[in-house]
Amino acid sequence: MAQAWAFLLLPALALASYASHLLLPAYITTPLCGGGDGARSFFLCAQAPKDQDQDPSPASTMYKTAFHFQPAKNWMNDPSGPMYFNGIYHEFYQYNLNGPIFGDIVWGHSVSTDLVNWIGLEPALVRDTPSDIDGCWTGSVTILPGGKPVIIYTGGNIDQHQTQNIAFPKNRSDPYLREWIKAANNPVLRPDEPGMNVIEFRDPTTGWIGPDGHWRMAVGGELNGYSAALLYKSEDFLNWTKVDHPPYSHNGSNMWECPDFFAALPGNNGGLDLSAAIPQGAKHALKMSVDSVDKYMIGVYDLQRDAFVPDNVVDDRRLWLRMDYGTFYASKSFFDSKKGRRIVWGWSGETDSPSDDLAKGWAGLHTIPRTIWLAADGKQLLQWPVEEIESLRTNEINHQGLELNKGDLFEIKEVDAFQADVEIDFELASIDEAEPFDPSWLLDPEKHCGEAGASVPGGIGPFGLVILASDNMDEHTEVYFRVYKSQEKYMVLMCSDLRRSSLRPGLEKPAYGGFFEFDLAKERKISLRTLIDRSAVESFGGGGRVCITSRVYPAVLANVGRAHIYAFNNGNAMVRVPQLSAWTMRKAQVNVEKGWSAI
């Protein structure tokens, strides 16, 4: 069991006397916690602090995000059917009209012109027919020929069996598409074939057109004990026939929720429209939500056999690729025809307690929408926040030419530490001190982040950011890298360690982490971007190779209203920072109940 580690500030006079010998004129580092030999390190092995005896009011609005998508109140979960249509972005989502806990699910609906500011509308779909009386659950939107959007969604029927249902906009001339009419022949799909699990049949994908001109879509399900994305065909999007075989299945995993299937060209950050012809050289991504995380495979879609063939067949699902290594689930992507890109959202649930959610009156949010594309080598997906989010940046702070030696902290001042966007490049002065990589770490990178935390010095790293830090450092979150040398390549571990993120009791405070390959022999810079939005933190490492979403609830946010951000290095090798930029993020207008009535 790994110990918890703490920052510990030296007294002010000790800091002043020690800082006088530092030879870094461009900035001042804050060295913390020294050994008897005079060497300084900002980490000190310590017992984990006790949780506060008195909870600092979890109902505080301080934990409500300023620029993430969430309703004004109550429970939300999966993104459902995001789309761009006639100049408007639509975000549908699983929503409980009646409270901040799961249940009574309908389709919430919001619209935007910029993916940043959102108008909340009345629910698009409610539970009012026999085929969805138990809930209007996750689904997708497909744009049919002639510019006709159609929703296909999972409904829970009166027997609590899961069915697939269709709805069309009542008035396509309404720019907001406020009202939707359910098809008379709903449900269009039932789990009534032999071997199908009637309560594990949900979350239809966006449709795509095959070489025969017929529509296809996939639905998450269980068939004869196998987890699969079940495949269906239709000529008119109303009458569907199950294809004999799923495009891909696996017998060693739990049911695949929220499947997503899309094409991408290696190295091209433009998206591909599934309703159009797929160009030569394109690959496909098959994503599934399983084991409480979103995983995916890259491969080739065999059009003749309607089969997905992964580039690498991996039986151990712990080694499957991950969309995000943190609190991120049920993601849904769509093709943005306005800018020719693919955008993905994920649901980030709360990691405080249900009683906290009841007190707050809200639970759940969606991650910042991300552009998603296939890396040039065709091996993995890359993600980056959409450029529109940068419109909220203000009060830019820049630093160049920093050098971080072992134990150095550099405070990033003059930005709001609770609402910030930080971009930093780390340049390795040497790669000779990289420690050997153990391939078994790939099975559980979170465990390795916990055992080799930021307080444990390494050869190269840990280096990164300390965010949401209280004055005395008894609360802080660490986002950082470690570099390892494999036989023929370098492996970078990215961690987001929440174990000391809050003194509040009853919280989940894990150490998240994931590995990515990096050609450090050619490129010595590793980038990190972290967006801090009160209780939501999203970090993107190595240009989007690893993404980690974290939910944090520091007491300092509710009690003090002041926190700090630092860049740090605790590795033996010196790390340069050629560029550091940070911004305060303004508050977006997101589903406010009053005060914003038009786009």
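Heads up, residue numbers simply count up from 1 along the chain you see.
Just so you know, glycine gets a Cβ as well, placed from its N, Cα and C.
Taken from Swiss-Prot, the feature active site covers ASP78. The disulfide bond annotation in Swiss-Prot covers CYS449-CYS495, and the record cites similarity to another entry as its basis. Swiss-Prot lists ASN171, ASN239, ASN251 with the feature N-linked glycosylation site, giving sequence analysis as the kind of evidence. Sequence annotations record features per position, and here Swiss-Prot assigns signal peptide to 1-16 based on sequence analysis.
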Neighbour count (Cβ, 10 Å) for CYS449 (disulfide bond)
29
What is the separation, in Å, between the Cα atoms of ASN171 (N-linked glycosylation site) and ASN239 (N-linked glycosylation site)?
23
Please report how many Å separate the Cα atom of CYS495 (disulfide bond) from that of ASN251 (N-linked glycosylation site), as a whole number.
31
Per DSSP, ASN251 (N-linked glycosylation site) is which: helix, strand or coil?
coil
In the three-state scheme derived from DSSP, which category covers ASN239 (N-linked glycosylation site)?
coil
The correct three-state DSSP answer for CYS449 (disulfide bond) is helix
Any idea what the Cα distance is from CYS449 (disulfide bond) over to the residue listed as 'active site', rounded to a whole Å?
28
